[in-house]
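Taken straight from TrEMBL:
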BINDING   B:Asp42, B:Asp87, B:Asp238  Mg(2+) 3 binding site
BINDING   B:Asp42, B:Ser56, B:Asp87  Mg(2+) 4 binding site
BINDING   B:Thr57, B:Asp58, B:Asp135  Mg(2+) 1 binding site
BINDING   B:Asp58, B:Asp87  Mg(2+) 2 binding site
BINDING   B:His65, B:Glu291, B:Trp343  substrate binding site
BINDING   B:Gly134, B:Asp135, B:Arg161, B:Ser240  ATP binding site
BINDING   B:Asp241  Mg(2+) 5 binding site
DOMAIN    B:40-152  domain 'PurM-like N-terminal'
2 protein chains.
Amino acid sequence: MIEDKNPQRTSIAQLGEFGLIDHLTRNFDVTQESTLKSIGDDAAVLDFKDKKVVVSTDLLIEGVHFDLAYMPLKHLGYKAVVVNVSDICAMNAKPTQITVSVAVSNRFPLEALEELFEGITHAAKEYKIDVIGGDTTSSQKGLIISITAIGEAAEDEIAYRNGAKQTDLLVVTGDIGAAYMGLQVLEREKQVFQVNPNSQPDLDPYTYLVERQLKPEARTDVRTLLHALEIKPTSMIDISDGLSSEIIHICKQSKVGCNLYEDKLPLDPQFISTCEEFNIDSTTVAINGGEDYELLFTIDINDFDKIKGNPNFSIIGHMAEENEGIHLVTRANTKIALKARGWDALSE
Amino acid sequence: MIEDKNPQRTSIAQLGEFGLIDHLTRNFDVTQESTLKSIGDDAAVLDFKDKKVVVSTDLLIEGVHFDLAYMPLKHLGYKAVVVNVSDICAMNAKPTQITVSVAVSNRFPLEALEELFEGITHAAKEYKIDVIGGDTTSSQKGLIISITAIGEAAEDEIAYRNGAKQTDLLVVTGDIGAAYMGLQVLEREKQVFQVNPNSQPDLDPYTYLVERQLKPEARTDVRTLLHALEIKPTSMIDISDGLSSEIIHICKQSKVGCNLYEDKLPLDPQFISTCEEFNIDSTTVAINGGEDYELLFTIDINDFDKIKGNPNFSIIGHMAEENEGIHLVTRANTKIALKARGWDALSE
């Protein structure tokens, strides 16, 4: 379908492990001042001087986190970086370096790995981060990607999940739910393709949704935006598992309650029309669908004037006393308890 | 065989991802001063003040890097940490934190993961490092472990691979080859077991070899030993892929040659007798067998007096001009060109 049919195939075994690493990492430049020594030794060496170091890691498994039937390898490489960079952004920190480890089965030719690394290189350039190390090995089945991201921040800038106060406002960047609907569109096209391999998918009406699924971006801009507005988020998290799930994380760790307002949820028109077409309730998807990689954060209520009307941010609710619980306030003004229904990789 | 037959099996899906992470990470204490925030947020936060940060990562795949038929999960967890800690030691740095990501297929019950994490916890305590983050997910096949290790060092302490000079001495810690022969012993027992499941393996004559394979230790002590001797290694690497391969790395990156002396290789008596039993040339195994996790380094020739006779170190050769090449000088005083024949995970 969208998968690249490259007729040229070079066996990875021909190059050997060290040859392969040299080949794949030749485009990784060093641009960060904090990178003293990158790839090529037992470890990379970093220098953060008086800044604090922030570290996050993710493991992506073929068939669990991605499907190569509709995920081009270049996009996958890009997305794997984004997922980790997003975690650093969610600390209100600046991403600076990543390590990338990849395991592949013999069915992958060199050209496939090159495509994957092209996406990784592209993301590293886009986000101005250095690839400082990694590991390349074979797998028994499928493609496995493990990325660790490193970032920096001043101690008083860092936003944890446990800092929300019961009078804070709840804010989200961008819009939500689109990545999940993009996946539904791609899954449908995959099924059509399996029945009739000659069918041409028409993804035009869903470009935004598909892009949100295949090429999400990490919100590295939010740190700068908030800094310019002189707002320090009291807590922050990225939306990878779904809005409900992330709100519950903040509430539990901050020991507060929350009221989330259905009519405040920022939804893209294409998202709404596609939910209608699929006959799915848009609010359900918006609060449970994951992989949007937007940032969810709380701010002091006194910062309301600084943020209201700003097109980058939507105020979607407010925190409350812990014993008030965590609720969605519907358009009909009824309160429904929020549940974490984010996709759980282990129960699938 | 050595595999644990635990009759109690709890499905991982019952706990869910977050429940599983909470359960598995409950024994991880914070002991490092540089760990400001550990597990439980989007990222961990570290503070190294004026020290440099050292980062290394490894990906371990079942069936490629380990075989659960003879590798108990507790030992595997321990070894996975050691492999990464060893890379930090090979920079002459002090390991301080690790992140641990694990993917498992449904065939693994909770008890198996608990055993794995018991080994990880044990290693973290042993090496006084903090487990600061990770990821837990499902795999399509087998067990996958990705570990990233972080360490610290003053800038002038760090030993790279490219600092060897042509007059330097070549030094190795401990003894070599035993881990490889341990693997041969275990492979043989596995085959015996497959033919006759009632046979009882007698591993007594091979305890040291088997321990070197199943429970290797990282040489965190070498940094302190060298510091006490007032020796700064000019280059350093750990022996994971075999001595030849590592010597060639140092020579290529330092642009020097090397003469390695067969009669200087430090070999354990059990290693020698087992090589005889298996009818394998001990020198071939000593220079090509991997996974010893000893440190190989070069020192200035003027430091000779400081190190000679020290039971922790063996002087096994000296560097030379680049165009002299890289050779093994045999007991018969003939010179054989060294080749990197360390096991290459990708060509297997």
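Along the chain as shown, residues are numbered 1 onward.
Even glycines carry a Cβ here, placed using N, Cα and C.
Sequence features, as recorded in TrEMBL, placed on the structure.
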residue	record	CB count, 10 Å
B:Asp42	Mg(2+) 3 binding site	27
B:Ser56	Mg(2+) 4 binding site	31
B:Asp58	Mg(2+) 1 binding site	24
B:His65	substrate binding site	22
B:Asp87	Mg(2+) 3 binding site	28
B:Asp135	Mg(2+) 1 binding site	21
B:Arg161	ATP binding site	23
B:Ser240	ATP binding site	22
B:Asp241	Mg(2+) 5 binding site	23
B:Glu291	substrate binding site	22
Please work out the number of neighbouring Cβ atoms within 10 Å of the Cβ of B:Gly134 (ATP binding site), leaving out its own Cβ.
26
Using all protein chains in view, find how many other C-beta atoms are within 10 Å of the C-beta of B:Thr57 (Mg(2+) 1 binding site).
28
Within the domain 'PurM-like N-terminal' (B:40-152), residues counted as helix, strand or coil by DSSP
34 helix, 44 strand, 35 coil
Length of the line joining the Cα atoms of B:Asp87 (Mg(2+) 3 binding site) and B:Ser56 (Mg(2+) 4 binding site), in Å
7
Binding-site residues B:Asp87, B:Ser240, B:Glu291 with CB under 8 A of any chain A CB, in sequence order, are B:Asp87
B:His65, B:Gly134, B:Asp135, B:Glu291 filtered to the binding-site residues whose C-alpha is within 10 Å of B:Asp238 (Mg(2+) 3 binding site)
B:Glu291
Quick one: what's DSSP say for B:Asp238 (Mg(2+) 3 binding site), helix, strand or coil?
strand
From binding-site residues B:Ser56, B:Asp58, B:His65, B:Asp135, B:Glu291, the one whose Cα lies nearest B:Ser240 (ATP binding site)
B:Glu291
Given the binding-site residues B:Asp42, B:Ser56, B:Thr57, B:Gly134, B:Asp135, B:Asp241, tell me which ones have a C-alpha lying within 10 Å of the C-alpha of B:Glu291 (substrate binding site).
B:Asp241
Distance between B:Ser56 (Mg(2+) 4 binding site) and B:Arg161 (ATP binding site) at the Cα atoms, whole Å?
14
For the domain 'PurM-like N-terminal' (B:40-152), what is the mean per-residue pLDDT, to the nearest integer?
92
The binding-site residues listed are B:Asp42, B:Thr57, B:Asp58, B:His65, B:Asp241; by CA-CA distance, the one closest to B:Gly134 (ATP binding site) is B:Asp42
Coarse DSSP state, helix versus strand versus coil, of B:Glu291 (substrate binding site)
coil
Integer Å distance between the CA atoms belonging to B:His65 (substrate binding site) and the residue listed as 'Mg(2+) 5 binding site'
12
